[in-house]
């Protein structure tokens, strides 16, 4: 049973290319041939290669223009490092949009949202934008994605649909804005957000492909390739940061896959949560803990679990490896179980959240104990 149901007539208007492919006779057979053939791998490799190649001259230009992040007490790097490298990821995604058959009509709402948020991020990397303006732009993207999907008609809990269009659509907008922001918050350790982009895009592409959604799968795969290619430069020790340009755009890619994937019935809202669970739990638990302690929760800090691990003496590579292993060894089996037994997806998502929250608490306690000893 699908966990996120939308009004499909709006989807047909917003994504005409995707709609025609979805309903055309023999579409699923052709989709599987295309997505399992050389074109599938060429898309992934092409997006990754474009991103990696474009990053080299972009990095040199950023250094010449002195667009760099300087070391500081609230930062996790020791040397001045250029920021704004996410521009290469967005350009690579746009090139994939132009190259992939049928993508011009099928991807345009998603690519438009990604490019718009990348522009906002680029302006933030170059000039400090007001918090209100950033929030307004993020909300505009959230509303646009929901309009393209037709809104949220119902959400499934333990196999039962609960219908409340205005409630779920409103909560959906808030969730999209939070997802965009938390990908930005979690981009504070070498390779972390780029790895998660590769992971999230790859898993979403697998789920969408398995459901015959070739165009959505191609978009997700292009995103995985674009941020995966950037990982070659961003892995520890990072030679360049994606900046708000890349992290905000990545948040839109993940949110777009979640909304559009759910509208097709390929990815439930609970599976979408599980794909980004590591980031969602870390960012959300950290925010709630700061609010409960009466701190100025909207200011910069070093209290995320990955930052605590760095403060405990872990290397960036070790932290990155831990998060990647958790995705593969814990999150992926939970997602596979939710796909196999969809009526259990709510319970599996809740169980995963609890396990990750316990892990977050253990890291926080270890960091507090270490600070007390110091």
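The backbone N, Cα and C atoms fix where each Cβ goes, and this holds for glycine too.
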Candidate ranges 63-81, 215-233; TrEMBL annotation transmembrane segment resolves to 215-233
Range annotated as transmembrane segment - as stated in TrEMBL, picked from 192-209, 300-317: 192-209
Which range, 15-38, 39-62, does TrEMBL list as transmembrane segment? 39-62
What is the Cβ neighbour count of residue 184 (Mg(2+) binding site) at a 10 Å cut-off, with all protein chains included? 24
Of 39-62, 215-233, 269-292, whichever stretch has the most CB pairs under 8 A to the transmembrane segment (347-363): 269-292
How many neighbouring Cβ atoms, not counting its own, are there within 10 Å of the Cβ of residue 244 (Mg(2+) binding site)? 24
Outside the transmembrane segment (269-292), at least 6 residues beyond either end, the same-chain residues with a Cβ under 8 Å of its Cβ set are 3-4, 155-156, 178-179, 181-183, 185-186, 196, 199-200, 203-204, 207, 254, 257-258, 261-262, 301, 303-306, 323, 326-327, 331, 334-335, 338-339, 345-346, 348-349, 352-353, 356-357, 360-361, 364
If we call contact 3 or more Cβ pairs under 8 Å (sequence gap 6 or more), are the transmembrane segment (165-185) and the transmembrane segment (215-233) touching? no
